[in-house]
């Protein structure tokens, strides 16, 4: 099992094959290699390929996968109806279009879309054309600090708010899935928001000032900026019926997500699926199956399901427990307090993320091992809380453009280069990590998560 994990890490880091192809390879390897391996309960008996294949496909029955699927479908509905573009333009129009306000608007748009578009890539793909249109309308040079600052802000604010909102990114839902499968507990949408949003708010302010300082704008006033945004907004016309219905469903979902465990017992996945059913119903829906099928990245679901299966199999075969005990025995973690344990494991995740182009792949490969490490540690370690906090650090894709799909979407505009991105990203990473340690010692400890 550890050999399969090593294979997964190598192919996901090197991207020698696509993520989707590697997921199918991992499934086949699990079925074959685990099938001929002795069982934990009776070493004289083999698992058998049929049982091993069941283990390889177990992730596809996880509620986290269902939630990701529903989230991708709703994200497609946002694109089909154009509601995501309307939200972005309305937000920009309200905030203003001076250089300073455009940066604030870029952050505000990503926050607003994080609540209703459950895909970081989809959010950036929506915002980037709008911001490029604004840049063109302003007559700003694509190679200027203004253009670079706007696009880098969009990319990094998207990653920052992946931490703040549970449904904003697939890796968050994978983290919740591992909690449910491996620890038997879940973090609600509101609990995640209360823990992560304050950090994201502070980091949004930090990002704004870092971009202003490190990429100083050539001019503060942009003539005709507000008119350009209003012209694009006017071009959309009044809200259509599908947009109104999708907005109503999205608001309803937010209310149900936020009140889980308080006013009702419906979990996030179930509520999201009900919302999806409404969006696909005749007459009141906003899209049909054919449209949704064409706009859904099915490969993401395959990688997600196999990732959960991989993590679950690590613990089922006790390979994860063995590796966890090995790490604890040889790292000195057993003698450290929970804050130092978090500091070490978080730093490890941030550094190794430099080799991954997908936070989802990073989560699938390493979070089960870190959960095993937490389970092995002696003393009063809050396993669920630390797992959530480590899940936060998975979104630290600030240094290299390749570290997150939303970075690559923004890089494709040719408004900045890797050096400019790292110039902002390195201090964002250092400050973000230091702020997490401060929160761990104060706010998160007060909430009882550490």
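From the backbone N, Cα and C atoms, a Cβ is placed for every residue, glycine too.
Please treat TrEMBL annotations as automatic predictions, because they have not gone through curation.
Per TrEMBL, the feature transmembrane segment maps to 55-75, 87-116, 122-140, 147-169, 189-211, 298-319, 339-372, 384-404, 424-444.
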Inset, instruction - Given the cut-off of 8 Å on Cβ pairs that are 6 or more apart in sequence, determine whether the transmembrane segment (339-372) and the transmembrane segment (87-116) share at least 3 such pairs. - result: no
Inset, instruction - Could you check if the transmembrane segment (189-211) is in contact with the transmembrane segment (298-319), meaning 3+ Cβ pairs under 8 Å among residue pairs at least 6 apart in sequence? - result: no
Inset, instruction - Could you pull out which residues elsewhere in the chain have a CB under 8 Å from any CB of the transmembrane segment (122-140), counting only those six or more residues past its ends? - result: 75, 78-79, 84-85, 88-89, 92, 97, 102, 106, 109-110, 113-114, 146-147, 150-151, 154-155, 158, 168, 222-225, 228-229, 231-232, 405-406, 409-410, 412-413, 415
Legend entry - Contact set, same chain, for the transmembrane segment (55-75): CB under 8 Å, 6 or more residues outside the stretch: 26-27, 30-31, 34, 47, 117-119, 122, 167, 170, 173-174, 176-178, 180-181, 250, 253, 267-269, 272-273, 275-276, 279, 292, 296-297, 300-301, 304-313, 316
